[in-house]
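S.K.: I have a structure here, written as C-alpha cells, and I will follow up with some questions on it.
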Amino acid sequence: DLGTHAKSFQNGAAPTALSSVFQETNEQKLYKIATELLKTERAYVTRLNLLDQVFCAKLTEEALKGTFPVDVVKNIFSNISSINTFHNQFLLPDLEKRMGEWESTPRLGDILQNLTPFLKMYAEYVKNFDNAMELLKQWTDRSPQFKAIIQDIQSQEACGSLTLQHHMLEPVQRVPRYEMLLKDYLKKLPQDDPDRRDAEKSLDIIAMAATHSNSAIRKSENLKKLLEIYEMLGEEEDIVNASNEFIKEGHILKLAARNTSAMERYLFLFNNMLLYCVPKFSLGGAKYTVRTRIGIEGMKVLETINEDYPHTFQVSGKERTLELQAFQETIEIFHQKNETFKSASKDVEEVSVSTAELGKRAPRWIRDKEVTMCMKCKEPFNALTRRRHHCRACGYVVCWKCSDNKVALEYDSNKINKVCKDCYSILTGEEKAEGKKKGILEIEAAQFSGSSIICGFLQHCEKNKPWGKVWCVIPEKEALVLYLYGAPQDVKAQSSIPLLGYSVEDSPRPADPPASFRLSQSKSVHSFVAESEELKQRWLKVIRVAVTGEVPESQMPNDATANATDTQETSSDST
C-alpha cells in the first residue's frame, strides 16, 4: 500500500521510487485522457455551432421568405439546436472548469453523469438521420436556392472543405467517442478511486446509448464513402442513397475488342450496380467520368482466355458487355455478401421443419457463414453487439434480441432451449412481448419527489397515443429533465423528457380539455392536462425556464413531501 511504499522510500528502497514514477505516469495518463475529452468537445461544439447557427439558420432565413417549406429545414436538422445548447452551455463549460481545477479535483465520472439524461436527444437525432439525408438530397435537386445556400457555406473556410452531410454525421458518431474515452479512463483509474463508481455508472448508460448508434454509424460510414465517390464523379451521378451499399473500387484494364491493347479504367461496385469509369486528367474537381452504369440484376461473369493478358474475364449486363482483367475477386465478394442470405433462406424453405413438426424434430442448422444478417430482423451481424445464435427449433441464424426466448422442445427430451420469437409464438400459442431493455434515461430507485422543483399528477399523451395519468417530477439535481412515473412510489421512470430546447404551447385548441398545455420539438409532441388552471400555471412557470437552459426556482410547497408520502401510503393501503 502507499503507506508501506512511503516508509520504504524513506529507507532508500529502489522499488518504491519506481512505484512513485509509475503512479505519476498513471496520473499523467488520466490527465491526458481528460485533456483529449476537452479538446474533442471544443471541436465538437464548433461543429454543432456550424450546423445550428450557420447551415440551419441560413436555410431557415431563406425558407421564411417562402422559397421552400420551413418544415423541410426543421425535419433535416431535427433537434440539433437542443443538442448544441446542451453542449455549448453545460457540458463544455463544466469540462473547462474541471480541467482548470484538475489538480485538486481529478475526476470525470461526475461530469459525464450529467450527460446521461440528455442522451435521449441523440436517439431522436439518430432515428431521424436517414430521413434527413433523403430530404437533403431531394431539396438540393429540387431547389436552386436551397442548393446555392449550402454550396456557399461549404465553400467557406469554417467548413474545412467538407460537405453538410459530413458535418451532420458528427452527432451520430459522438456518443461512441464518449464510450471509448470512458473505457480508456476506467482502465487507468485505480480500483479504489472515488471517481470509479460515477465513471462506471456513466459508462453503463453511455455504452447503452452507443449501441443504439451502431446501425446508424455503419450506415454513416457507407454514406461517407458514397459522398466521397459522388465528389470524385463530379457530383453528377445519383448514388447518395441509403439503399446503396458500396462494396469495392479499383483500377482495371479494359481490353479493346479490335486489338490487344488495354486501356486504364476505374470501377466502383455497389450492391445494385457497377460503374465503369474513365479517369479524368484534371488538377481539381472530378477524377472520373462514368462511361457506363451496369445493373447487377442479371449480370453474368465469365472467365476468358487471352494470351497477352492473364486473369481476364467478361462482365455481361443488360446495358453492356466488357472484357476486363483482374476483377474476379471483387465480383465473388459481391455475390458472397449479396446472395448468401437469399440462398440460405432458400435452403431453409427446402429442408425446414414444418409447423406441425416444429419442436418434435431436430432442424437443419443454417451455417454461420451462409448468412450476413439476422434472418428475422435482418440487422447485420457484428462481433460485439449483434452476434450469431441458432434457433433450436427451426435452425435459423438470428441475433440475441430475436433469440431471447426459451421453450421446452420435444425432440430434445423436453429440455428448455433458446428459440426465435416466431417459433416461440407457434410453440406456446402466445405472442412473445418484445423484451424492452432499460432505456437510456431510465434511472432505477429514482424517488425524486422529496427533493424536486415540482412534482405531481398530470394527464399525459404523446402524439396520438392514449391519455394516461402519470406522476411527473422535475428533480433539483436534474432541473432540465422531466421524469414520468406510473405512480409516486415507483422506483423506475416510464420515460423522461430533456426539456432543453422544447417549445411550450398553452393556447387552448377546440378539442383540448381545460388546463392543458403542450411541449413540442421536431416531431416530438407531448400533451399534458393539469387538475386545475392554478396547477397548470405552476408547471408552466418551471418548464418555461427549464427549456431555456436556466435552473428554475422550486415550486414545491412546504408540505409537498408530506402530501407525496400520503399519496404513496394511500396507494399502498388500497393495494
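Every residue, even glycine, has its Cβ placed from backbone N, Cα and C.
Not my notes, these are from TrEMBL:
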type: COMPBIAS; residues: 555-575; note: compositional bias 'Polar residues'
type: DOMAIN; residues: 29-216; note: domain 'DH'
type: DOMAIN; residues: 245-346; note: domain 'PH'
type: DOMAIN; residues: 368-428; note: domain 'FYVE-type'
type: DOMAIN; residues: 451-548; note: domain 'PH'
type: REGION; residues: 551-575; note: region 'Disordered'
S.K.: Mind looking up the mean pLDDT for the domain 'PH' (451-548) in the predicted model?
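M.R.: A mean pLDDT of 86 is what the predicted model shows over the domain 'PH' (451-548).
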S.K.: Tell me the residue counts in helix, strand and coil for the domain 'PH' (451-548), as DSSP assigns them.
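M.R.: Looking at the domain 'PH' (451-548) with DSSP, the answer is 15 helix, 44 strand, 39 coil.
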S.K.: For the domain 'FYVE-type' (368-428), give the DSSP counts of helix residues, strand residues and coil residues.
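M.R.: The breakdown for the domain 'FYVE-type' (368-428) reads 17 helix, 16 strand, 28 coil.
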